Amino acid sequence: MPAPPSPASADRRTPLRHSPALRMGLSIATAISLYGISFGALSTAAGMSLWQTVALSALLFSGASQFAFIGILASGGTGAAALGASTLLSGRNTIYAVQMKALLNPKGFKRLAAAQITIDESAAVAMSAENPLEQRRGFWGAGIACYLFWNLATVLGALLGDVIADPEALGLDGAVVAAFLALLWPRLKSLDSWALAVLAALITTLTMPLLAPGIPVLAAAVVAVIWGVASKERGA
Amino acid sequence: MSLWLWVLAACAAVYATKLLGYLVPQSWLRHPAVGRVSAMLTIGLLAALVAMNTFSAEQTVVIDARLGALLAAAAALLLRAPFIVVVLVGAATAAGIRALG
């Protein structure tokens, strides 16, 4: 009697178009693309040229860092301050990258490409997937879709100005919140994981008024690492 | 021209923050504690992203339509709704609250 297929091999037969992780990636990319339109519009309003705006989305490609960069310049800040804030905000991408290296370990050119598309959305989809194939599909699918949609949207926004699409009126910020919660949800299987999630959310929320934008996520990451080490020591 | 220099410097600096994580030696990642810590880190990071996207506004904490979206999404997840439905419920709730308020 043949052995029943393991979950991993059964999944290998799932066609790409039925991949749950790929679908999640495409939904998130669609939701964030309207923010790309606002970025393009705000960036040109902040005094950046079309090509500088395009360069930020194509080369820098990290939404929060991009908004920080143009926001600081628009409010009269220096180029150095804009550079510092956008780099600091990208600190969490370093942690995602370590996670992605552990999950996917891309090599050579793939590693350079993976680094460019390592952002909140691609890392979150990959981390929420259950097996290596879905993790890979989720990371590359979400990352590439976000990259394409975000850049297209940036150009649209920069050309059309701020006459279109208020993402908040459409509830797009609510869609982003729901998407991240849906990615977290399957991981909340034990009391332990609920406790950590609530603690991490609390620390993020409480430190938001005190720390520079983006840093509260790093604070939550530090607490999660300590939690992981401590639970190992008590033999959990 | 000098604005271009800052733009390109920021692009390079942010790319460096991303690449840095991929340069961590593989041997570090094989340490037994790493798997456990990594699982906790995933939960911590995702929870932090949920909180940040729900309550953040210009470096203050606000309660607005996004909290409604969060609660509606949680209800949809409890009812085992698929991912795309959860996302749409979140968007519709936030948009609905704003339209009413």
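Any Cβ shown, glycine's included, is placed from N, Cα and C.
Annotation comment: TrEMBL describes A:20-42, A:139-160, A:169-188, A:194-227 as transmembrane segment.
If you look at the transmembrane segment (A:169-188), the same-chain residues 6 or more away from its ends with a CB under 8 A from one of its CBs are 24, 27-28, 31-32, 34-35, 120, 124-125, 127-128, 130, 194, 197.
The list of residues near the transmembrane segment (A:20-42) in space but at least 6 beyond its ends in sequence, with Cβ under 8 angstroms from a Cβ of it, reads 53, 56-57, 63, 66-67, 70-71, 74, 121-122, 124-126, 128-129, 134-135, 137-138, 141-143, 145-146, 148-162, 164-167, 170, 172, 175-176, 179, 182-183.
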